[in-house]
Amino acid sequence: MASFALTSCSLSFNSLPCLKSRSLSHLRSTSHNPLPSRPNLPKLSAVSPLLPKLSKSSVTSTTRRISNFAVNASSASSAPSAPTSITPASPPWQGAAMKPLLASIATGVVLWFVPVPSGVTKPAWQLLAIFLATIVGIITQPLPLGAVALMGLGASVLTKTLPFSAAFSAFGDPIPWLIALAFFFARGFIKTGLGNRIAYQFVSLFGSSSLGLGYSLVFSEALLAPAIPSVSARAGGIFLPLVKSLCVACGSNVGDGTEHKLGSWLMLTCFQTSVISSSMFLTAMAANPLSATLTFNTIQQTIGWTDWAKAAIVPGLISLIVVPLILYLIYPPTVKSSPDAPKLAREKLEKMGPMTTNEIIMAGTLFLTMQNAPKVGLWIFGGMLNVDAVTAAILGLSVLLITGAVTWKECLAEAVAWDTLTWFAALIAMAGYLNKYGLISWFSQTVVKFVGGLGLSWQLSFGILVLLYFYSHYFFASGAAHIGAMFTAFLSVASALGTPPYFGAIVLAFLSNLMGGLTHYGIGSAPIFYGANYVPLAKWWGYGFLISVVNIIIWLGVGGVWWKAIGLW
């Protein structure tokens with residue numbers, strides 16, 4: 001009891017008048033450092049019942065010991081501390097990843113000094129070396145794609161392989177600018193909330209079962225595909241947040257063993273169908289216009305928006321129906337019904353309220369372009385009205401800028417648009433001059449001799465080329481890089497072997513999207529959905545290969561019959 005009382009006194013001695021007087025007097029005689037105050041400690045009345053047997057001398061003695069301890073502690077705290085050296089953390093490296101960069105440079109250097117084959121001009125071979133070095137850089141990405149492509153153009157000018165006007169000629173091509181403008185439209189579509197509203201409407205109507213929920217998301221994404229030319233924007237900006245919230249609402253979470261309730265199947269389904277919807281429209285994936293441009297450069301035939309959609313609509317719709325069902329059977333969710341999904345979507349819609357002014361402006365702008373040229377409608381009917389695609393896109397963007405639905409600052413901040421403009425134009429320029437320098441015709445003749453020597457019909461020969469083109473995508477992390485590297489050569493070979501040129505071009509263009517489903521890095525939506533961590537990597541690759549077989553059968557089988565019916569071959 002006495003010990004507790006002493007402790008209590010020591011904690012509250014500042015509030016005891018008698019102790020305060022003596023201790024301060026003692027402190028003045030021993031140190032110039034004042035004793036720190038101790039506010040909000042209990043008053044004497046709180047501890048006095050515990051002090052009936054303490055003498056005045058014992059309290060005084062205790063106080064002196066406390067005072068001496070306080071003085072010593074204060075002196076110790078005021079003593080200078082030994083200086084310590086702090087090594088500042090070095091800033092992270094902001095430059096290129098050196099190993100991929102060296103691999104890219106080595107590719108170009110080695111090929112540059114390889115003896116030029118017979119039938120190939122020296123400028124063509126040197127441009128091929130620079131082109132392949134650029135492609136390796138785009139695949140390994142030591143720097144962003146635009147920076148790699150710009151370095152490739154710089155190398156072609158520095159070595160006098162191309163004059164400056166030729167190297168940068170594609171920056172005057174309307175297609176790269178059309179893609180950049182389309183990204184600005186996508187920004188407005190997402191920013192205004194119009195995209196989310198459309199998606200929630202579909203879920204509220206069709207989301208009562210897991211399969212119905214999957215189909216509602218699949219067809220929502222397909223409906224938005226022509227208006228948002230970036231599969232990454234559709235996946236990351238609209239559908240991944242929606243899919244994740246629906247999974248959580250149904251009790252399917254990452255890391256707690258509930259992934260298979262709904263999330264695993266839904267994530268894989270939304271990813272695999274995103275590559276299908278990307279293949280259905282010219283404006284559904286950023287690199288699709290590259291296929292159209294290379295087609296024109298190679299066979300002087302144009303793939304228009306309507307032509308593309310007409311050829312893709314039948315096999316595309318069949319794939320959108322069949323692929324989710326196959327995954328539902330071989331990789332099924334344990335939760336077969338999702339009654340909360342329509343409710344959640346309706347709640348989201350109620351929370352959004354009526355259409356905002358910016359949503360109305362965005363929808364009206366899309367309608368306006370629908371009447372004048374191919375940004376959706378303008379891209380469909382623009383040819384009839386003699387309004388080209390870029391003019392239509394500029395008109396629509398002007399409306400968005402004037403009304404404030406999209407600001408120019410937001411356009412400038414759309415780094416992907418400017419990056420895409422750069423690498424897109426660079427690939428178009430280099431690939432075009434490879435063709436002008438005669439390298440593509442030489443390559444075509446060489447492959448024709450090999451495949452033609454097999455004595456196969458053009459159908460079987462084209463089938464071999466298709467499989468080689470499709471499954472070589474395992475070595476590409478970008479659909480655009482794959483198209484830029486191989487599209488022209490394979491189209492030239494197919495045409496030389498008797499494949500109807502326009503038919504061969506449009507099939508390769510479709511497959512340039514479908515092959516993105518093979519891996520977790522093959523197309524823009526892949527790392528987004530895979531990064532949700534609902535599906536293990538081995539299953540992602542395994543089901544990716546299986547679905548690739550299904551898509552090839554549907555597009556070349558059913559699609560082949562449809563293309564015959566509409567006169568493509």
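For all residues, glycine too, the Cβ spot is worked out from N, Cα and C.
So that you can see what the record holds, here are the features copied from TrEMBL:
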type     : residues : note
TRANSMEM : 101-120  : transmembrane segment
TRANSMEM : 127-152  : transmembrane segment
TRANSMEM : 164-186  : transmembrane segment
TRANSMEM : 198-218  : transmembrane segment
TRANSMEM : 265-287  : transmembrane segment
TRANSMEM : 308-331  : transmembrane segment
TRANSMEM : 376-403  : transmembrane segment
TRANSMEM : 415-434  : transmembrane segment
TRANSMEM : 446-468  : transmembrane segment
TRANSMEM : 474-495  : transmembrane segment
TRANSMEM : 502-523  : transmembrane segment
TRANSMEM : 543-563  : transmembrane segment
Cβ contacts the transmembrane segment (198-218)/the transmembrane segment (164-186), at least three under 8 Å, sequence gap 6 or more: no
Same-chain residue ranges lying at least 6 outside the transmembrane segment (164-186) that approach it to Cβ under 8 Å: 153, 156-157, 227-230, 233, 237, 283, 286, 289-290, 292-293, 375, 388-390, 393-394, 396-397, 400, 406, 410-411, 414, 416-418, 420-421, 424-426, 428-430, 432-433
Listed stretch, out of 265-287, 415-434, 474-495, that has the most CB pairs under 8 angstroms to the transmembrane segment (308-331): 265-287
Whether the transmembrane segment (265-287) meets the transmembrane segment (101-120): three or more C-beta pairs under 8 angstroms: no
Seg_contact(the transmembrane segment (127-152), the transmembrane segment (543-563)) with at least 3 CB pairs under 8 angstroms, min sep 6: no
Annotated stretches the transmembrane segment (415-434) and the transmembrane segment (474-495) touching (3 or more Cβ pairs under 8 Å): yes
Same-chain residues at least 6 beyond the ends of the transmembrane segment (101-120) whose Cβ lies under 8 Å from its Cβ atoms: 126, 128-130, 132-134, 136-137, 140, 142-143, 148, 155, 438-439, 442, 445
